[in-house]
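Q: Sending over a structure as structure tokens; questions will come in a sec.
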Amino acid sequence: MRLYLIGMPGAGKTTLGRGLATAYQLPFLDLDEEIVRREQRSVSEIFAQDGEEYFRQREADVLREVVAAYPSLVLATGGGTPCFHHNLEVLLETGLTLYLAVPVPELVRRLQAVAASRPLLAAHQSAHALETRLRETLAARQRFYERAPLCCTAPTCSLETVQQLIARYNALA
Ligand SMILES: Nc1ncnc2c1ncn2[C@@H]1O[C@H](COP(=O)(O)OP(=O)(O)O)[C@@H](O)[C@H]1O
Ligand SMILES: O=C(O)C1=C[C@@H](OP(=O)(O)O)[C@@H](O)[C@H](O)C1
Ligand SMILES: [Mg+2]
């Protein structure tokens, strides 16, 4: 199976993705890490040097490459992945997509520590500014995220909660 994790920055896609891959004994890939490896520079550097549009094109290309190369894996996407270049259709058509719907105040708590290394959040580091920015971003992205067949709405989506969701989905499928 291909399992895709989508959701806002700080939702835990990378963290939970690793745990799920271990639990299901599947390869794990993080889309940002795959882009960074190919570009030999950080996501922040890509944004600063070539802009978001360039990043989104690389993201779309690398997503399709990864999907073609792995018939089964757990893939942590970037927060914006499903919202550009028809990437959501690729995800929906080639695997099981899980939306980690973590409430904004919890995202704020998690991201305050790491905002400086995340280009779309770097300019918004006070808790209030970060919250405003995240609410705006979520409002624009929700219609993409909510098309995922699986959604975890627990404030802290634990590995166990997510595994139960997937087991229930697979039993019904
Ligand atoms: N379930 C969780 N509970 C508490 N903190 C978490 C949880 N999942 C992730 N975090 C923390 O939140 C931050 C962002 O997690 P990360 O997995 O990088 O999210 P994403 O890839 O969705 O942006 C990290 O500091 C991580 O340790
Ligand atoms: O939300 C976004 O647009 C982005 C989220 C990041 O990934 P995470 O969601 O893993 O932080 C990364 O892809 C890039 O900085 C853009
Ligand atoms: Mg991540």
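In case you wondered, yes, glycine gets a Cβ from its N, Cα and C as well.
What TrEMBL shows for this protein is this:
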BINDING   G10, A11, G12, K13, T14, T15, R118  ATP binding site
BINDING   T14  Mg(2+) binding site
BINDING   D32, R56, G79, R141  substrate binding site
Q: Of the binding-site residues A11, T14, D32, R56, R141, which ones put their CB under 6 Å from ligand 1?
A: A11, T14
Q: Checking the binding-site residues G12, T15, D32, R141: which ones have Cβ within under 6 Å of ligand 2?
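A: Only D32 meet the Cβ criterion.
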Q: For the ATP site (G10, A11, G12, K13, T14, T15, R118), what does the 8 A shell look like? I mean other same-chain residues with CB within 8 A of the CB centroid.
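A: Close Cβ neighbours, site residues excluded: G7, M8, P9, L16, A76, G79, L100, R110.
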Q: Quick check on the binding-site residues K13, R56, R118, R141: which one has the highest count of other Cβ atoms within 10 Å of its Cβ?
A: K13
Q: Hey, what's the widest CA-to-CA gap across G10, A11, G12, K13, T14, T15, R118, the ATP contacts in the record, in Å?
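A: The widest Cα-Cα gap among those binding residues is 16 Å.
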Q: Calculate the distance in Å between the alpha carbons (Cα) of G79 (substrate binding site) and T14 (ATP binding site), and round it to a whole number.
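A: Here the two Cα atoms lie 10 Å apart.
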Q: For the binding-site residues G12, K13, T14, T15, which residues place their CB under 6 A from an atom of ligand 3?
A: K13, T14
Q: Of the binding-site residues listed here (G10, G12, T15, R118), which is spatially closest to R141 (substrate binding site) when Cα positions are compared?
A: G10
Q: Write down the Cα-Cα distance for R56 (substrate binding site) and K13 (ATP binding site), rounded and given in Å.
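A: That separation, Cα to Cα, works out to 18 Å.
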Q: How many whole Å apart are the CA atoms of R56 (substrate binding site) and G12 (ATP binding site)?
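A: Between the Cα atoms of R56 (substrate binding site) and G12 (ATP binding site), the distance comes to 21 Å.
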